[in-house]
Amino acid sequence: MARECDPFRAAVETLAKFSNGIKHRKRGRERAKKKIRRGERRSRHTDSSIKRPGWRILSESASLFDLFQFSSVVKPLNNFQKTPYPNMPSYKLTYFDVRGYAEPARILFHLAGVPFEDKRITHGDGTWEKLKDKTPFGQVPVLSVDGFDIPQSAAIVRYLAIKFGYAGKTPEEQAWADAIVDQFKDFMASFRQLIMAQRGGKSAEEIAKISSEVAIPARDSYFKIINGLLEKSKSGYLVGNSLTFADLVVVENITTLEKNQFFTASEHPKLVALREKVYAIPAIKNWVATRPDTQF
């Protein structure tokens, strides 16, 4: 695998080569002077370093290409330091005017301090019907990056977490963050049945049956897994010793469940502690305090 070019490392290494070349020439001259003082005959082999052109001596440690490379690296260093995001893409996140599946992505933007267009669709005004066929999968959220559309909430939040540094510190941590989000999606597939029954005008008896036979068992299994991870965690986070997108997904989910009487805080102190820990991060705290307060 090719080694990634580090301009700072290249500059330091080339300077070292340049310095070694100068030292080599200086030592050669000093040896020649000593021999002249002692009256020794000058040897072509031992004194050739004096007769060599300066660039040739330097080439033993640093080539002309190295010097050219060094000069091309040093010149833009000041500009590089002043513009940490020289090619910032344009982001647009499209979703309904609720927290829902898009909220972890919104939090990541605020956490990273990266500007984005938060395009919110209002239910019932005809906007979604006009937009639906233009989306990749006929669903939202959709993240547009310089006009390139990325569908599916898990793909979006994973993409942003990788770009902004919240996907996990190792491949193993990234895999676990993915696994937790997949577990969340498994639960939501069951919970969605209850939501659709409520919105679809099902009878109270049918809704109660779906709740007791589908949604509640799925929720309890989901909470058992998440609580088990927190029980083992030394950091208070779900994965490793720092925040990942898995924490954001779970925290936003329990907030939604609580708003819909499907989560009792007093029964799950570790989940509450995780939410408090995440919401205490200054950038997230500011966003949570000012964002639209929605049921879902």
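Heads up, residue numbers simply count up from 1 along the chain you see.
Every residue gets a Cβ built from N, Cα and C, even glycine.
Just so you know, TrEMBL annotations are computer predictions that nobody has curated.
Record features (TrEMBL):
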- 22-50: region 'Disordered' (REGION)
- 22-44: compositional bias 'Basic residues' (COMPBIAS)
- 89-168: domain 'GST N-terminal' (DOMAIN)
- 170-296: domain 'GST C-terminal' (DOMAIN)
Mind checking how the domain 'GST C-terminal' (170-296) divides into helix, strand and coil residues in DSSP? 96 helix, 0 strand, 31 coil
With helix taken as DSSP H, G or I, strand as E or B and everything else coil, how many residues of the domain 'GST N-terminal' (89-168) land in each class? 33 helix, 19 strand, 28 coil
